[in-house]
Protein chains: 2
Amino acid sequence: MPKVGMEPIRRQQLIDATMATIDEAGLADSTIMQISRRAGVSAGIISHYFGGKDGLLEATMRHILSELGTSVARRRQAQSSSDARAHLYAIVEGNFDRSQVSQAVMKTWLAFWTTSMHKPSLQRLQRVNDRRLYSNITYQFRKHLMPEQARTAARGLAALIDGLWLRGALTPEKFDTSSAVLLACRYVDEQLDGSSTA
Amino acid sequence: MPKVGMEPIRRQQLIDATMATIDEAGLADSTIMQISRRAGVSAGIISHYFGGKDGLLEATMRHILSELGTSVARRRQAQSSSDARAHLYAIVEGNFDRSQVSQAVMKTWLAFWTTSMHKPSLQRLQRVNDRRLYSNITYQFRKHLMPEQARTAARGLAALIDGLWLRGALTPEKFDTSSAVLLACRYVDEQLDGSSTA
DNA sequence: CTTTCTTTATTGAACGATCAATCAATAAAG
DNA sequence: CTTTATTGATTGATCGTTCAATAAAGAAAG
């Protein structure tokens with residue numbers, strides 16, 4: 001069947017298969033044979049399109065990060081105003097959209113977080129994404145808070161988002177996204193409204 | 001030299017070597033040879049004392065969990081009163097003591113979090129610990145809040161603790177423990193004091 | 001005291017299994 | 001006939017486990 005335009009299709013199939021395999025067996029027990037078998041192709045094709053297993057994992061992480069960035073940007077652009085609260089809400093909602101808050105995506109993300117601490121290439125990806133989230137949040141808080149307060153509020157919100165998300169990933173039960181969003185948005189309110197004491 | 005009382009010594013040496021190796025190379029690239037070499041013993045001794053690599057990893061996780069439990073319990077017992085705020089502060093401080101908030105312990109913990117999602121034996125350990133933290137927090141909040149509010153506040157505080165801790169583990173910079181404690185304690189205050197709107 | 005026996009501690013080479021990567025072969029499409 | 005796509009057996013390396021051998025330290029017996 002081969003000839004043209006197979007590359008983007010295969011790449012997507014393999015990235016999806018990678019997340020599904022990590023979800024099922026964990027990154028440590030995910031072999032290229034399992035992944036390729038799930039994608040319906042041979043093992044050799046991975047080296048052909050991604051240069052090897054590492055390339056596939058990095059591409060998978062890029063894909064997840066890209067989807068997160070898109071889901072946040074989409075909600076922020078939907079805001080016509082420059083209201084800080086609305087933008088912070090959008091950021092929170094975007095982080096709990098994550099295209100899909102599926103167990104597969106969350107487990108894959110956590111696996112990459114762990115791996116990124118020892119693989120410079122993945123660490124750079126994670127850092128860039130992290131910095132962007134933090135500085136976006138800080139920028140919005142600065143509209144209503146003093147620089148120092150804004151930084152603290154941003155640290156708190158970022159931690160709250162990651163913590164809620166982490167706990168959603170760790171518990172086998174369905175992740176209650178809406179209550180997590182509500183909790184994080186209430187934190188935003190507390191930071192914006194209760195700033196009179198300092 | 002052998003004869004008596006080597007077991008507890010070797011076990012501790014190997015657990016320490018495990019955390020140090022995970023800190024340096026990551027769990028995925030930690031072999032029993034590296035670990036045993038760092039502990040100054042042969043590879044075979046691991047199977048002798050822990051039954052195998054899995055046993056060593058489970059023992060290491062138990063050790064970390066035990067140290068966390070101890071550091072929280074110690075600070076709570078230091079409280080003579082039954083004041084909710086003081087106990088919540090103690091819980092927060094205990095979680096950021098973690099015996100040592102070293103990179104080695106944090107990386108090991110994160111590695112086990114990731115692994116526990118696919119290994120029932122580790123998952124049970126993690127769940128028990130998680131439940132205990134959550135119910136302890138909920139119990140304290142219930143002294144001043146309605147059940148539903150207490151649960152929400154507990155979810156928020158637990159997430160905030162985990163999130164701050166996770167971000168401390170992910171950033172290469174030194175983890176600013178005191179500011180993390182301050183931030184989490186301020187969250188406790190906001191939950192306890194600002195409950196008049198509901 | 002010293003000789004034998006037993007237990008505990010430890011080693012490290014050998015084994016078997018697993019896995020990522022390679023590459024020559026194949027097949028379809030232009 | 002060339003290019004793109006794909007296969008899957010082979011290869012080479014790695015790793016966890018096993019196990020027979022060894023060593024030291026008491027214990028028992030003379």
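Backbone N, Cα and C define each Cβ position, glycine as well.
Record note: among A:31-50, A:171-190, A:31-50 is the stretch given as DNA-binding region by TrEMBL. For the DNA-binding region (A:31-50), the mean pLDDT of the prediction comes to 97. Break the DNA-binding region (A:31-50) down by DSSP state and the numbers are 15 helix, 0 strand, 5 coil.
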